[in-house]
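Working notes, structure below.
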Amino acid sequence: MIQLLFVAFLYYPLSIGLTFFQKQFIKTFHFPLFIVAGHYLTKLVVGYISRFFLEWKRGGKKVRLPIKDQVRYLIPIGVCASFDIGLSNWALEYVTVTLYTMAKSSSILFIFLFSIFLKLERWRTSLAISSSLIAIGLFLFTWRLTQLDVLGLFLVELAALCTGIRWTVSQLVMQQDESATTIRNPIDMIVHVQPWMILAILPLAWVFEGNDIQEYNYSIISLSTIFLNIFIGGVLAFLMEVTEYILLLKTSGITLNILGIIKELITLLLAHYVHHDKLSTINAVGLTLCVVGMLLHALTKQRKNLHINRIGNISTNGDDEKRLLMSEVGDTA
């Protein structure tokens, strides 16, 4: 428990710090896609070095998946993760941290939709209510928002769509008992997914930023400063990703959801004081509805898990009680 709290304690400053660090860096060096590509490369190198050190210290070999299994399982995750992070950083060039944070929270809607499509979830009343609260809250939050940029909001929503695909496919893969992609070590996962993330982001970066980066006036900021900032951001991203995978392994999706909600509230509070982001009354109402919707979803999931645990504790002689509890899971989950 102490170890889990320690990891969660590390996750918050890493995640929030990276968001504000990127926002500040992009103001000077306006090439978010190339910055993200540099982060991916940094994470890959740091991941290989870390894995080599762990193999040398502990002995034995880490998981190495054949190309066939990577193509089948990890490419969809890597490509969506790449676009998710890349588009998110691109959007930070146009929108405030406040708008970015709340618009990105709509990814939960995409997770719902893809989970239903892939039959990981079935449509339920509680699911509809929580989804509607988040959608309405997002609409109110962006209503007459003076800092609203349509392109930035569009990029964030595309990133949210990629988030939905990324985590839904990850769930689908991880829940297959026969899957060859069972990877328990966070560094192994980073090393296997990162190459596909790099391959996915480079064409996008070249198409949208290739010409501009060649004509950029490097007297504004030196190359050494650029590389140093990219390296620092990449290390922060690597450490944050490690904590995310550890939390995923040590806890449940419900716990991660609650941690994410808390992180969003902290980020919004910091954005309000650091960047002086404006938040009107109607925007605050929208924020409240979004948070209530996410909390409702979290509590519903927790209730479902409690029912499932009770079912698992019933002996084989309690068939009637087991059937009753199964029906309760279907009605309340």
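We number each residue from 1, going along the chain as drawn.
Note that Cβ sites are derived from N, Cα and C of the backbone, with glycine treated the same way.
TrEMBL lists transmembrane segment at one of the ranges 5-24, 125-144, namely 125-144. By the Cβ criterion (under 8 Å, sequence separation of 6 or more), the transmembrane segment (73-92) is not in contact with the transmembrane segment (125-144), since fewer than 3 such pairs are found.
Scored on C-beta pairs under 8 angstroms, the neighbour of the transmembrane segment (33-53) with the top count among 98-118, 125-144, 220-242, 280-300 is 220-242. A mean pLDDT of 80 is what the model gives for the domain 'Sugar phosphate transporter' (3-297). Away from its own ends, the transmembrane segment (125-144) comes close to residues 99, 102-103, 105-106, 108-109, 112, 153, 280, 282-283, 285-294, 296-297, 300, 332-333 of its chain (Cβ-Cβ under 8 Å, at least six residues beyond either end). Touching of the transmembrane segment (280-300) and the transmembrane segment (98-118) is concluded from the presence of at least three CB pairs under 8 A, sequence neighbours closer than 6 excluded.
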